[in-house]
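Colleague: Quick one: this structure, given as C-alpha cells, is what I'll be asking you about.
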Amino acid sequence: MKNFVFRCDSKVPTKLATKCDLCLNSPCKNNAICETTSSKKYTCNCTPGFYGVHCENQIDACYGSPCLNNATCKVAQAGRFSCYCRKGFEGDYCEKNIDDCVNSKCENGGKCMDLVNSYRCECPLEYDGKYCEDKLEYCTKKLNPCENNGKCMKTNGTYSCLCPPGFSGKNCETNIDDCEKVNCQNGGSCVVRLNCYFMSLKFSQDGILSYECVCLPGYAGQYCEIPPMMDMEYQKTDACQQSTCGQGECITNANSSEFICKCYEGFSGPSCDKQTSVGFKSPGSYLALDPLTSDGNVTMTLRTSAKTGIILYYGDDHFVSAELYDGRVKLVYYIGNFPASHMYSSVKVNDGLPHRISIRTSERKCYLQIDNNAVQVVENSGKSDELSTKGKEMLFIGGLPEEKAENAKNRFHVKSTESFKGCISLITVNEEPVDLKHALQNVNTETSCSATVNFCTGIDCGNGKCVNNALSPNGYMCQCDSHYSGEYCDEKRIKCDKQKFRRYHIENDCRSVDRIKIAECNGYCGGEQNCCTAVKTKQRKVKMMCKNGTTKISTVHIIRQCQCEAAKSFLTRR
C-alpha cells in the first residue's frame, strides 16, 4: 500500500481526492448537480429537460419509446420522430407484424398463427404435430376433452364424458348455476359455497351445490329481506336542524339562529353542493365534459403516485391527449399535419403532492405548464392551422370508455388505456369552473379523493400527526399532542375546553335512534399535576334501538362544565 505525505501548501492529487468525494470529477452532465450520498455512491440531480443516471439524455420526442417491437427511434425535428423497424415488422411505428402465414404448410384444418418472421400451426382437437399432420386418439393424455375432472370414455371412434356433481354439458364445461333462481333482495349478492370457501357471483361466477346471500351493511335475513333500523328523529331544536349543508357540516352561532356550512373535502359553495374534486381508483373510470373550442384551455389540480394513466383526451381525427408516462405529463397534439407532435413535461408530477396542470391549444401550437414552471410548447406544423371541433366530441378527464380507449391506442393517440389513479380537482374549462356533479358522464369515480390519495403527503403537523379526513375541507387534519392546538399543532394550549358535537350513543349492539348532543373535556392545564376534567354533568334518558329489533331506555351522562382540577380529584365516568 502506498503512503502519502502532504505539506499544508501542497495540492492533493485528484485521483486520491476523488476517493473521498466522488463528485470532484464532475460525473453529472448538462449542468446537473452532483450530490455525494456515501463514500462509494453519488446522485445526479438533473436540470429540467434531462434524465438518466448522469443526466446525459435529453427529454425529446423519443423519450416515451414511441416505436414498437424494439424498433429504433430517431428525432426528426422538434416534437417529431422516425421509427426504424427490425426484421419482420413495418409501419410508421413498426406496429405491423409482416404476415408469414401467406405460404403456410398447416394441414387438416390447422390454423396458421403468425409469429415474428415465422409462424406456427394451431391444430384442431384431433390432430397434433408441427403442421397438424398427426391424428390423435380420444381419451389419451394428448386428447382428453373432458373438463372439471370429468371421466372420458371411448365410444365408436368418438367419446363421451361422465360429469362430476355440479357440472353438465358434452365436455362437463357447464357449472350448474346454484344462484340462478335465488333472489337476493336490497342489493344483496348471491355467493356459492364451495369446499367451505366463497366465490362472489356479482359477475355471474358460480361454485358448486349451495348458495348464500351476502347483504349490504345494515340488511339481514336469508334473502337480505330485513331492512336496517330506521332513524327516528327527535324534534328539531336548532338552526342546523333546518340547514341544507349537503356535503358539509353545519356550524351554529351559539348567540343567534344563524349557521354556516363547513364543506367536506371535494365540495364548495354556501350550501356545499358544488363538487370540485373526483377520485379515480377503479379500472375504466372517467368523466366526460362539454366539448372544447379550437382555441381552448383546461386547467386542473392533480395528485397521484402512479407512473401511467390518462389525464385528458379530446377529439377523434384531430386530437389532443395528456397522459402520465414515467410520472411525467406526455402531451400529444395533432390537427391533421402528420405525424402528430409529442412533448413531455420537464418535471415529474407523481410525488403525491398537488400539481396545477394547464393545457392550452391555439392554432398549430399546444402549450403545457406545470405549477409555476416555464411554459412548454409543441407545434404541429403543416397545412392545417387549427384543431377541428366539428365532431363535437366530449372532453374526457381521467380515462376513456373501453371502446374509445382501444381505438385511441390503436391509432397511437395514447400509449396506455389505463385510467388515471389519484385525485383530480378544481377543473376549469376556458376559465370557467366545472361543477363535477353536472358532468355529461361520470363512470366508476369516487366523490371523495380520500380513498384515492394520501392528503398528508408533505404536511408538517409539528407537535402532532397528520391523518386523512374526508370531512375536512383540505382532506386531512392535524391531531395535536395534548399540550398543543392550532391547525398545524403549533400553538401551546393552556386551557380546558368543553368540545360539543353530535353523535350516536352506542351500547353493545344498540344505538340511539338519533344523534344526541354530547361533549368531551380537552385541554392542557399546565402540568401533570392538573387535569382538564368534567366537574358538572347531567343525566339524560335516551331511547335505544337494538339489532335484534327491540328497544330500550338508557341513561347517558352529559358533560355540562369542564375545568382544570388537581389530579387527585379527577372524575372517572362509568
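Any Cβ shown, glycine's included, is placed from N, Cα and C.
All TrEMBL annotations are machine predictions without curation.
Annotated disulfide bond per TrEMBL: CYS46-CYS55, CYS85-CYS94, CYS123-CYS132, CYS163-CYS172, CYS215-CYS224, CYS240-CYS250, CYS263-CYS272, CYS456-CYS466, CYS461-CYS478, CYS480-CYS489, in sequence order. The domain 'EGF-like' annotation in TrEMBL covers 21-56, 58-95, 97-133, 135-173, 175-225, 236-273, 452-490. Annotation comment: TrEMBL describes 276-449 as domain 'Laminin G'. The domain 'CTCK' annotation in TrEMBL covers 496-574.
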Colleague: For CYS461 (disulfide bond), which of the listed disulfide-bonded residues (CYS85, CYS123, CYS172, CYS224, CYS250) have their CA atom within 10 A of its CA?
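Modeller: Cα within 10 Å of CYS461 (disulfide bond): none.
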Colleague: For the domain 'Laminin G' (276-449), I need the partner stretch with the highest count of C-beta pairs below 8 angstroms, choosing only from 21-56, 58-95, 496-574.
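Modeller: Stretch with the highest Cβ contact count: 58-95.
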Colleague: I'd like the per-state residue tally for the domain 'EGF-like' (58-95) from DSSP, helix first, then strand, then coil.
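Modeller: Across the domain 'EGF-like' (58-95), the residues distribute as 0 helix, 14 strand, 24 coil.
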Colleague: Could you check which of the disulfide-bonded residues CYS55, CYS132, CYS224, CYS456 is the closest Cα neighbour of CYS272 (disulfide bond)?
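Modeller: Minimum Cα distance from CYS272 (disulfide bond) across CYS55, CYS132, CYS224, CYS456 lands on CYS456.
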Colleague: Cα of CYS456 (disulfide bond) to Cα of CYS478 (disulfide bond): how many Å, rounded?
Modeller: 9
Colleague: What's the CA to CA span in angstrom from CYS163 (disulfide bond) over to CYS480 (disulfide bond)?
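Modeller: Here the two Cα atoms lie 65 Å apart.
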Colleague: Can you grab the distance from CYS480 (disulfide bond) over to CYS466 (disulfide bond)? Cα atoms, rounded to a whole Å.
Modeller: 9
Colleague: Can you check what DSSP calls CYS240 (disulfide bond), collapsed to helix, strand or coil?
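Modeller: Looking at the DSSP assignment, CYS240 (disulfide bond) belongs to a helix.
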Colleague: Measure from the CA atom of CYS215 (disulfide bond) to the CA atom of CYS85 (disulfide bond) and give the result in Å, rounded to a whole number.
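Modeller: Checking the Cα atoms of CYS85 (disulfide bond) and CYS215 (disulfide bond) gives a distance of 56 Å.
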Colleague: Near CYS263 (disulfide bond), which of the disulfide-bonded residues CYS46, CYS132, CYS224, CYS250, CYS466 can be found within 10 Å, Cα to Cα?
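Modeller: Of everything listed, what lies within 10 Å of CYS263 (disulfide bond) (Cα to Cα) is CYS250.
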Colleague: Average pLDDT across the domain 'Laminin G' (276-449)?
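Modeller: Averaged over the domain 'Laminin G' (276-449), per-residue pLDDT gives 94.
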Colleague: What's the CA to CA span in angstrom from CYS478 (disulfide bond) over to CYS94 (disulfide bond)?
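Modeller: So the Cα of CYS94 (disulfide bond) lies 53 Å away from that of CYS478 (disulfide bond).
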Colleague: Looking at the disulfide-bonded residues CYS55, CYS94, CYS172, CYS215, CYS240, whose Cα is closest in space to that of CYS123 (disulfide bond)?
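Modeller: Nearest in space to CYS123 (disulfide bond), counting only the disulfide-bonded residues, is CYS172.
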Colleague: For CYS172 (disulfide bond), list the number of other Cβ atoms lying within 10 Å of its Cβ atom.
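Modeller: If we count other Cβ atoms within 10 Å of CYS172 (disulfide bond), we arrive at 21.
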